[in-house]
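A.B. asks: Just lifted these from Swiss-Prot, have a look:
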BINDING   Gly10, Ile11, Asp12, Gly13, Cys14, Gly15, Lys16, Thr17  ATP binding site
Amino acid sequence: MTGRFIVLEGIDGCGKTTQIQHLLEWLPNSGLMPKGAAVVCTREPGGTPLGRSIRELLLHTSDQEAPAPTAELMLYAADRAQHVETLIRPALERGDWVISDRFSGSTLAYQGYGRGLDRDLIQRLEQIATAGLQPDITLWLRLSVQESLQRRLGDKEDRIEAEGAAFLERVAQGFAQLAEHRSWCAVAADQSASAVRAALERQLQEHLA
């Protein structure tokens with residue numbers, strides 16, 4: 001029995017964390033999952049013990065040396081390779097359902113579009129790190145940069161979040177293009193939380209039933 005792999009993507013402040021918590025409660029009672037399957041919740045970066053150390057290197061905001069853009073890309077790839085091999089693929093092989101807060105699309109959006117790194121290189125690294133594993137469904141929570149900045153006003157920012165509006169605009173453009181080219185399911189994240197929940201449930205019922 002093979003499980004299902006669900007990914008939520010979107011710019012900072014789009015509400016992924018809130019919606020994932022809802023899906024953790026909703027999925028086991030949705031009628032979608034087979035009997036005996038569990039829901040595994042994870043994230044990138046930082047879904048494994050090794051990944052948590054990598055996450056600290058990637059996102060810290062101290063005065064320590066920050067990773068150069070290419071080094072940053074390699075760290076994300078290392079995190080993903082460990083994540084897929086030690087957590088995601090074993091869970092799917094057990095028949096469990098995996099929900100991940102971000103996956104390879106975020107690397108293309110943030111490092112490819114945001115940083116301007118070679119997207120062909122990023123896609124080659126993606127193939128290596130994932131060993132060909134792809135989500136069964138990617139749910140893109142679409143949010144404007146203006147709304148993202150407003151929602152996060154006053155919040156403590158990590159190193160990536162602190163990049164500013166111009167960087168985030170490029171990232172948002174990247175997500176939009178990826179959603180089109182990879183047939184992601186787009187959900188407007190500027191609605192009420194309950195409306196977003198209902199839209200996500202509809203997408204999952206439609207695509208995974």
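Just so you know, the numbers here start at 1 and follow the chain as drawn.
Cβ coordinates are placed from backbone N, Cα and C, and glycine is handled just like the others.
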A.B. asks: Cβ within 8 Å of the ATP site centroid (Gly10, Ile11, Asp12, Gly13, Cys14, Gly15, Lys16, Thr17 excluded): which residues?
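C.D. replies: Surrounding the site, in chain order, are Leu141, Leu143, Ser148, Ala189.
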A.B. asks: Sort out the sequence-distant neighbours of Gly10 (ATP binding site) for me: same chain, 6+ apart, CB within less than 8 Å of its CB, listed by position.
C.D. replies: Lys16, Trp140, Leu141, Arg142, Leu143, Phe175, Ala189
A.B. asks: Which residues in the same chain, at least 6 apart in sequence, have a Cβ under 8 Å from the Cβ of Thr17 (ATP binding site)?
C.D. replies: Asp101
A.B. asks: How many neighbouring Cβ atoms, not counting its own, are there within 10 Å of the Cβ of Lys16 (ATP binding site)?
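C.D. replies: The answer is 23 other Cβ atoms.
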